[in-house]
Amino acid sequence: MGMDDCVSFFPGPLVAIICDILGEKTTSILGAFLVTGGYLVSSWATSIPFLCVTMGLLPGLGSAFLYQVASVVITKYFKKQLALSTAIARSGMGLTFLLAPFTKFLIDLYDWTGALILLGAITLNLVPSSMLLRPVCIKSEDNSGIEDRGSSLSAHGPEACGTETYCDDTQESTVEDSTMQKAGLPSECLIVSQNQNEEFCNGPNRNRLLLKSNEESDKKATWWSCKQKLFDISLFRNPFFYIFTWSFLLSQLAYFIPTFHLVARAKTLGIDIMDASYLVSVAGILETVSQIISGWVADRNWIKKYHYHKSYLILCGITNLLAPLATTFPLLMTYTICFAIFAGGYLALILPVLVDLCWNSTVHRFLGFAGFFAGMAVLSGPPIAGWLYDYTRTYNGSFYFSGICYLLSSVSFFFVPLAERWKNSLT
């Protein structure tokens, strides 16, 4: 497990705050520069600690920015086809097995320094792609056009955006103003109305007063908004957060174990290394196809999405518990096919299930804190599996551990009806 994979989960809460302050586009561009800079600086590396920072910390932090921004932007761009769009966006991750031979080809052709420079140049293309993350405009329910930024939102309040996927900065400022008033801070209207006489209302100094009032209120609003985002703990009073985080943590703890130990177990069974590498290729392709199919099925809304997600987790657990019975290449291939299909199914539904469960919390903050705890699992999963192999001298224990984690990750979703009754009691 690479350090960049672990770091890509840990900064989730930080990414949520930065996205709230700078916006998705700027945050994504910043992440692209971090990944590119990490690869380019790594070409000058002279020691392993140097590489841990430049190849692990910087690209991992940049990946956290890119992944979380991309996930949240999808929830703003798509509503009816969220599961399918998420599956298509994630489908490329199943083809990462092609990255290893491609990197080896670059190293053989240009040496490792040239390969890192080329990888940095390739990832630099994320900058123009990040610039395409345009904000979504608010439209009226009858699709008659873009609503007036001032009158509509002031007349209808935040509820005007209730049927839309994304509300722009005007809604955020409205919410901030109401929050400031509750907290005892003056808003623009309050500042202008206080101590206001006819000389300022009708005279030439009125514009200066308004400008000064706007600047002061903007500064106080920004400071108060940042303070609220840094110390907001309302998410931890949401039972849906614990339901999702428990499942996300244990599923990430289990996911990487079969992936890393599949080829090693095939070698211990006397299977040729080339045949064992085909298992990984088949798993990557089938996982990609499974994600797209799973997303399409979930968007039909035959049942709630978390039921699909829960079922896939249970099937992944059963498949891994039966994995030690696969002692020949055909049986290992059967296990690989089943696990890739079920794993792709639940991976495609992580974001849609999160959106359904986050209720009144922001997706950024919900995903950020859940990713922070999942990062602990990503960091500890492979070492635990390695310790089990050292203790038992067989990879069977690793697959048993993975299967148990998958089964436990599905347990929390059985409490969703209780959490829904709690939510209904509040509303």
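Quick reminder: no glycine exception, Cβ is built from N, Cα and C everywhere.
Checking TrEMBL for transmembrane segment across the ranges 6-24, 82-100 points to 82-100. Under the criterion of 3 or more C-beta pairs below 8 Å, with sequence separation of 6 or more, the transmembrane segment (310-326) and the transmembrane segment (112-133) do not qualify as touching, having fewer than 3 such pairs. For the transmembrane segment (332-354), same-chain residues at least 6 beyond its ends with a Cβ under 8 Å from one of its own Cβ atoms are 71, 74-75, 82-83, 86-87, 90, 94, 244, 248, 251, 255, 258, 262, 265-266, 269, 271, 279, 282-295, 298, 305-306, 308-309, 312-313, 315-316, 319-320, 322-323, 326, 363, 366-367, 370.
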